[in-house]
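J.: Annotations per TrEMBL:
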type	residues	note
TRANSMEM	21-42	transmembrane segment
DOMAIN	133-290	domain 'Peptidase S49'
ACT_SITE	K201	active site, proton donor/acceptor
DOMAIN	390-540	domain 'Peptidase S49'
ACT_SITE	S406	active site, nucleophile
Amino acid sequence: MAQKPSFLRRLFGGIWRTIALLYALVLLVLLLIVPAGIYLAFFSGPQVSVPQGSALVWAPVGDLVEQDSRGVGNVLGAVFSEPQRQSVVRDLVESLDRARDDDRIELAFLKLDELGAAQPGQVQDLLAAIDRFKQSGKPVVAWSPSYDQSQYALASHADTIYLDPLGFVFMPGYGVYRNYYKEALDKLGVTINVFRVGEYKSYVEPFIRNDMSPEARAANQAWMSSLWRTYRESISATRDYSAEDVSAYIEDFADTLEAMDGNAARMAHEAGLVDTVAALPDVREAMRERVGSDDAHGSFSQINQADYLAATDTEQTAPRTDNRVALVVIEGAIVDGESVADSAGGETIARLIADARRDEHVASLLLRVNSPGGSVTASERIRREIARTRAAGKPVVVSMAGVAASGGYWVSMNADQIWAQPSTITGSIGIFGIVPTIDEPLNELGIHTDGVGTTPLSGLMRIDRPLSETARTIFQTGVERGYDTFVGHVADARNMEESAVRRIAEGRVWSGADAERLGLIDSLGGFVDARDAAAKLADLEPGDYALQPMQPPADWRTLVRQFLSAHTEAAWMPAWLSGLVDNEALAWLRTGLNDPHHRYAHCFCRVSSADAGIAALSRQRSE
């Protein structure tokens, strides 16, 4: 008679069968829901046409991004939760450029109340599109119940600016504020071993200090002052309001507001920042008088920019040839391996560039970079693919968005041309290594590590042991070698002397305006300028080519990985708290520390206006 299996064997066998069943059920659900989700997201809904004599309602929603992360993997996520709120800069620019020459569009109505995080360089791309639209002679009207710094930057280029009677215009300037963790790490017994080159390579400071170093403070103040100067000049260029007036408005904000009994709308109007203080129903009525009524919506005749792009896609003239300008977007931290949510994987990006190089219809390559850097190994892999593409005879042009610093500059430097906006954040030529060890807290718990190895290098990388002097020497030497390599690549790519590169390197961050002066980039301009340059270098005339965005194919494993990555990130911290807490450093520690050699070219230089935390709390209270 066969022996009956033991209780533990039956228990674990049952658990395993349950896991296998759940796994099969998840796959079945994916197979059923993904096609339906794709159809509902992309193909459902009525056909939209452009009303004659209507207004283009240009309404950015959520954060500005360079590539739509709401791909197939996130369509699945949208089935189970609210989809990400984001607007692609390229789409916003394209809608204004198409509407400029469209006789059916009478004016552009900038609805700015739902715009979220926007980097200064990205805002400048949008401002250029607004200015091109105005050159057609069509008016631009802006409305928001209140204006934060980015919203007002866009509104300032409108012909007419409306503000709600209960609203305000708040431009607090730029700031870099971080959480510093040294004391907390010391209390936990965690040792952060740091290896770096460069006086200004301050990314690691939050882990080894309790405050900002004098060097980082001076460098940050320099590039933020450049951005603030550009911001004020942008306002004064289109309104009867000098850069000095902007500074005075901010510096006297509290006193002036008190003198006006807290009436911030009146304060902005009398300062000349807005043209009319009016409630939204009054604004709609004024718009009806200009473009007529839309009875279906109870408002003025209009079409929003997303519907407008969809309605006009089929109207675009097909290129006269099969030539293409391939577009590869590098957005987020650069990590080793494949791309996941909010990151650019070195393998993924390198493969896309190689695909473009091998495509006989691709005449040139355009890279749109919006990254603070990350893994040195991944950055170098991307740079090498760019060099191979140029060696194959295909021109490469880089368009820097909000930030293209450190590893973001590493992947850019070998292009034929580099374009950036004056407010793009770039430079930060330096690298560092970071190795945390947790032997002390383990010892406190009564967990000790001991053993024997065949060489002094055995067990070198165990995080449950203190880092030896041998290991420290290896890491520091590797970082110094990596820095010399970085500097040498920049010197070769930019045709500069190494001594000149070293003077502007050491991890120092520069604005796009300063980077042009220093020779780190070629020209100031936005995505459209870089796209035209990529075509021109390939001897392509307007109408002779199409822009071809390069996207990785998605199998079911990719879908699951994107879904889990996006939802793990969303669950990490409540939205209102993420606006107050320095989430970038924590997120990078969780997802970005994967360089096989523990060397990183990463810049902690994402700038924000100082009202971000207040805005986040306000949104939380209103929801």
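From the backbone N, Cα and C atoms, a Cβ is placed for every residue, glycine too.
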J.: If you draw a 10 Å sphere on the Cβ of S406 (active site, nucleophile), how many other Cβ atoms land inside?
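T.: Here the count is 33.
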J.: According to DSSP, which kind of secondary structure is the residue listed as 'active site, nucleophile' found in, if we only use helix, strand and coil?
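T.: It is coil.
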J.: Restricting to the domain 'Peptidase S49' (390-540), what is the model's mean pLDDT?
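T.: A mean pLDDT of 93 is what the model gives the domain 'Peptidase S49' (390-540).
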